[in-house]
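Peer 1: Take a look at this one; I'll ask things after.
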Amino acid sequence: MLYGGDYNPEQWPTDIHLDDIEKMVEARVNLVSIGIFSWARLEPANGEFSFGWLDEIIERLTNAGIGIDLATGTASPPAWLTIEHPEILPMTETGVRLGHGSRQNFCLSSPVFRRYASRLAGELAKRYGNHPNLRLWHISNEYGCHSAHCYCPDSARSFRTWLEEKYGDIEALNEAWGTDFWAQRYTSFDQVDVPRATPTLKNPGQVNDFWAFSSDEMLACYLAEKAAIREHSDAPVTTNFMGLFPPTNYRAWAPHIDVISDDSYPDPNSVFAARETALVSDLMRSLKDGQPFYLLEQTTAAVQWRERNARKRPGSFALQSLQRVARGADAICQFQWRQSVRGAETFHSAMVPHSGRDSRIWRDVVGLGDVLSRMGEIVGTRVPTEVALLMDWQSQWHRAAAIGPGPNRTLEAIAAWHGTAFERGYPVDFVFPDSDLSGYCVIIVPELFAMSKDTASKLLEAAQSGAEIIVTAPTAVLDETGRAATGGYAGVLSELLGVRVVDHCLPGGEVNDLVDPRVDAISAAMTATSAIDRVELDVDPRTPLFRVLDAIASPRPAISGEYWAEELSIDDDVDVLATFVGLDLDGLAAITYRSCGEGGGTYVATDLDSAGRAALLRVAEARTRIAGNRIEAPAGVEAVRRGPAVFLLNHGDAAAQVAGICGRDLISDSKVTGHLVVPPRSAAVVVTD
Ligand code: GLA
């Protein structure tokens, strides 16, 4: 199990370097990422490389047995480069060139930037590419984090080339963007521009393509550096991802990344921090279809960039780290090794805090190093899953580019449905339009706004062979090219679901409490859908949904939807599980079910609350065999199986008693004979007999 963090020795003098090594050994650090922001030190002037300082650091780390994740240093171009070539600086949509003095100050399409960045990557690879202690290459840093979209002339030029390659002739682009609307028709690719600031709404096709283009440009930057590395080195290559980050299609990137790696900073101030950790871990593990991933960055305690920077509660650093291991991480690394004393991240926590050795942080860091050193048998193993959640970056770009019909809640919906599975004790595989869906018992499709016929057929096949598919609105409103579905939205799924969406009737919004009935006689006599913020659902007592709700709690939880409601047209063989209550929606179907081959399709025509989601998952559970593989855990405890072990992660504030488990706990290094107490905010990792 790898353990360590970003190491920025150029910020420190030699005596501190010696102390660093001593402390790293004490904490059992075995991997550090070096040089991530070192371009100005590595190449102080154009073509003059200075590797002496890095040689020294690498030698010290190597002598101490600490592995190296060597960065190409290209995430922050030096001043000499932006002065010699100001055209590499990114431009905003209003035409402002951004300046030097921060980081990620480069245009993704700049050929000049790519040339210089690849040259540096190549020089580093020539020098260190075959170093026996090199574990990993770390290209750039968090692509797109600060400047995912650039609107400069270089970007516009590359965008035109990209469009020409995609569409071949300009008429195809006109068709795809619907340019006959508002006289936007082009007669040549030379006329097309990046979607810079416009007087009013932008063309959604143009915006969507620009997002796809920008993701490809980031990947092209990465690939250019990778190619330069590959001329001299066969060591694995990565770049650090950022969870569900919308601008980059990580699934499309995954084949080019040797080990998926992630940076993740859930807010310790939120009770959903554990959910978020579970979600991003599941996502990272899924990008390469179940292969383990590396966590390259998290905090030991607090970040400095939120409005309120809560520190992790006692125990949480180790607990969340083990949570990531449970869900597929083979490396736990932090930003950063030693807390800076100057610069923008002075108040971001680190492994060696300002206060030094006498601190909870340092004790936690040493403690986690000790625990992880006992996790060797977990490395490389898989996490068995039977629940999948379908997501698609391209659909998200269409959703973001579309103007209306309602608020874009895709990421919230993904998080909500993943959270439902998390609370019930299921790890989830994220699946994508190109994934193999066979083998999953339950597949959740939250808000897949733009869907192709191929994806719809895959879902149908999965249902026919026994999977339960839960689809939530708004899904398949567009096809994969961004064209609105005609003849009823979601029609592409009608064989699976037996429903078509006739219309969106979004409730909620601004409630006009300025109406004074004593004087505003006309307005006061009217009601509007804005009066309904949350739509109650009436569940049919003859349905399994009703019975499950009854079993969840007494009195039976009422369920409701928010943000979104639809009018459906329904085939005869479709069961209506619940209807909307109130105003123009009264009595209309809100949740439907159709059996389909060996499985079935559920459609949810609203943004369902958590009791509703939990109940639907339990209905699906009863129809499949997944419940048999659930580990029953007490409140507060997340139980996950990975390889030979069961991880019991107690997120709660009270000790939890777990029964029926036998084996060896890797944390306490003791035998477990049927009964175990897991203290608050801590974990047991039991290799079962
Ligand atoms: C990102 C970056 C790091 C650091 C952290 C701070 O993850 O990659 O360099 O800025 O954020 O949280």
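Even glycines carry a Cβ here, placed using N, Cα and C.
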Peer 1: Write down the one residue from ARG97, ARG103, ARG185 that TrEMBL lists together with ASN141, TRP305 as binding substrate.
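Peer 2: Candidate listed by TrEMBL for the same site: ARG103.
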Peer 1: Taking only the recorded positions ARG103, ASN141, GLU142, CYS150, CYS152, GLU297, which have a CB closer than 6 angstroms to any atom that belongs to ligand 1?
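Peer 2: Correct list: ASN141, GLU142, GLU297.
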Peer 1: Quick one: of the recorded positions ARG103, ASN141, GLU297, TRP305, which has its CA closest to the CA of CYS150 (Zn(2+) binding site)?
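Peer 2: Sorting the recorded positions by distance from CYS150 (Zn(2+) binding site), the top entry is ARG103.
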Peer 1: Which site among GLU142, GLU297 has the most other CB atoms no more than 10 Å from its CB, taking these as active-site residues?
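Peer 2: Per the Cβ count within 10 Å, the most buried is GLU297.
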Peer 1: Please classify the secondary structure at CYS152 (Zn(2+) binding site) using three-state DSSP.
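Peer 2: Once the DSSP labels are grouped into three classes, CYS152 (Zn(2+) binding site) ends up as coil.
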Peer 1: Cβ within 8 Å of the substrate site's Cβ centroid: which residues qualify beyond ARG103, ASN141, TRP305?
Peer 2: ALA75, GLN104, GLU142, CYS145, HIS146, ALA344, GLU345
Peer 1: C-alpha of CYS107 (Zn(2+) binding site) to C-alpha of GLU297 (active site, nucleophile): distance in Å?
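Peer 2: Here the two Cα atoms are 24 Å apart.
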